[in-house]
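Participant: Sharing the record's features from TrEMBL:
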type     : residues : note
DOMAIN   : 1-85     : domain 'Core-binding (CB)'
DOMAIN   : 106-290  : domain 'Tyr recombinase'
ACT_SITE : R146     : active site
ACT_SITE : H242     : active site
ACT_SITE : R245     : active site
ACT_SITE : H268     : active site
ACT_SITE : Y277     : active site, O-(3'-phospho-DNA)-tyrosine intermediate
Amino acid sequence: MRQDLEVFMDYLEHEKRLSRNTLESYSRDLLQYIDFLEEQNVHDLAETSKVHVVTYIARLKQLGRATATQSRTLVSIRSLYSHLIRSRRMEHDPTRDIENPKQDKKLPQVLTLEEMERLLGAPQPASTNGVRDKAMLEVLYATGIRVSELISLDVGDVNTSLGFVRCVGSGAKERIIPLGTMAAKVVDDYVSNSRPLLMKPHKPETALFVNHLGTRMTRQGFWKMLKRYSAEASIDKDITPHTLRHSFATHLLENGADLRSVQEMLGHADLSTTQVYTHVTRSKMKEVYDRSHPRAKMT
């Protein structure tokens, strides 16, 4: 079974060209599934049945795993079996007719414009790290890219004079995203004045954003930095890097951007994924109406 998994992971990496984070998720989900099968004395994926899959997903639920985790795991398992069938290692699909676990749709956490201004103003412009941190926050909010895409940016991926960012997302899909004047100005300042001070002699680095070691910034490093500035800005919401992506999309829609353009900038394959942000704007619209309309609260 583990050999089948190795072949499948090689296929995902070299043919599907999935991102490192996606590959890690697949590997983690499927290794845990194989561990479960071995506990059941199953040593060949061709011997598995629908009962094994359903029982495993039920176990995840009993362990308190989030519905999203259960759904992602089922997708990983389904993909593995599909690959085995295409490779003629199996004839039947044990995941056939198994429905994805239903989950409540939660509206994404979004910062208000005032909260966003406080967050973007938190880094100290007089320090080397402060200039870098402000540039990272400005680019994330200006473009709506994922944090994994942000830290993957190379110096040549950002054209501040023309105002765009070249971003390579999941599946090696490239998209060009506009970069606002404010973000472009901060990036120019960082590249000209702060980045050279962070770089180490005789250690060339193509990454746009580098840490104190002169190497590419990590997700963990950015997450800690974001938490610190969130506290300094007195924002009591539970902020994650994705909060800035949610805020980017919501603020665009609130100011008249069309859904298709936002979908393209976010890199969503399906428009329905982008439509969740329309629920956020409707929620705010109702709140404003209830607070402002003279007859909204009349009985």
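A Cβ is built for glycine as well, from the same backbone N, Cα and C atoms used for every other residue.
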Participant: Sorry to bug you, but what's the C-alpha spacing from H242 (active site) to R146 (active site), rounded to the closest Å?
Facilitator: 7
Participant: Inside 10 Å of the Cβ of H242 (active site), count up the other Cβ atoms and send me the figure.
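Facilitator: So the Cβ neighbour count for H242 (active site) comes to 13.
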Participant: Which value does the mean pLDDT take for the domain 'Core-binding (CB)' (1-85) in this predicted structure?
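Facilitator: Mean model confidence (pLDDT) across the domain 'Core-binding (CB)' (1-85) is 92.
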Participant: Using DSSP with the three-state reduction, classify R146 (active site) as helix, strand or coil.
Facilitator: coil
Participant: Would you mind checking how many other C-beta atoms are within 10 angstroms of the C-beta on R245 (active site)?
Facilitator: 22
Participant: Using DSSP, how many residues in the domain 'Core-binding (CB)' (1-85) fall into helix, strand and coil?
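Facilitator: So the domain 'Core-binding (CB)' (1-85) is made up of 68 helix, 0 strand, 17 coil.
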